[in-house]
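Written below as structure tokens is the structure these notes are about.
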Ligand SMILES: *[C@@H]1O[C@H](CO)[C@@H](O)[C@H](O)[C@H]1NC(C)=O
């Protein structure tokens, strides 16, 4: 009997986990983010539906090329709930990514979203790494029209391997996917992680960690 209850509890827990692992389903047609309220909820509070306008569901400008004049040679233009309040509670968002020749979108992860990316222009090498212990790199070169998926949470990257500029559009399964850029999180945290700790973690001299920390 006790075993039976434990088993049922486990099943219930598993189902709860499945149901709530990602963004909850909307309980109404829409919940346009209200940027004026101080109410704190998981996501953003809803604007009064009577005050909702067509522009709450609208964003313009993904035709505009991002400025890739930066050390990595890429630029992400986001359309998340911060830019498009109508995305609140819908569990989706979009980005445009521009790449200068040989520009990279450095290794990063989205804590709350899987990502599906399509190349609109150019040749883009994409890759992601599976979790421990395999840490297998799965990588491919994409051409215009090709689509790739980065599973939720996994570290991934892109690199323009063509001659001209490259452009991609990606959709993400969160209104607010979040981005953790590995180098910035590890070497650019504020305050910094102790250099001797990172030296041991990366099995290198502390001076190399100092150098990396000075860059991020
Ligand atoms: C692009 O960014 C660089 C570096 O921040 C800046 O110097 C340049 O003026 C920007 N170009 C445009 C067209 O905004």
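For all residues, glycine too, the Cβ spot is worked out from N, Cα and C.
Nobody curates TrEMBL annotations by hand; they come from automatic prediction.
Taken from TrEMBL as is:
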BINDING   105, 110, 115  oxalate binding site
BINDING   108, 110, 115, 156  Mn(2+) binding site
DISULFID  31-46  disulfide bond
DOMAIN    60-210  domain 'Cupin type-1'
SIGNAL    1-21  signal peptide
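On the structure: features taken from TrEMBL.
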residue	record	CB count, 10 Å
31	disulfide bond	22
46	disulfide bond	20
105	oxalate binding site	26
108	Mn(2+) binding site	19
110	oxalate binding site	22
115	oxalate binding site	22
156	Mn(2+) binding site	22
Spatial neighbours of residue 156 (Mn(2+) binding site), counting only the recorded positions 31, 46, 110 and Cα distances within 10 Å | 110
Those same-chain residues, other than 108, 110, 115, 156, found with Cβ within 8 Å of the centroid of the Mn(2+)-site Cβ atoms are 109, 113, 128, 150, 154, 155, 172, 177, 179
Could you state the CA-to-CA distance between residue 105 (oxalate binding site) and residue 46 (disulfide bond) to the nearest Å?
-> 34
Cβ within 8 Å of the mean position of the Cβ atoms of 105, 110, 115: remaining residues of the chain near oxalate | 95, 108, 109, 113, 117, 150, 156, 170, 172, 177, 179
Rounded mean pLDDT for the residues that make up the domain 'Cupin type-1' (60-210) = 98
Between residue 110 (oxalate binding site) and residue 31 (disulfide bond), the C-alpha gap once rounded to whole angstrom = 23
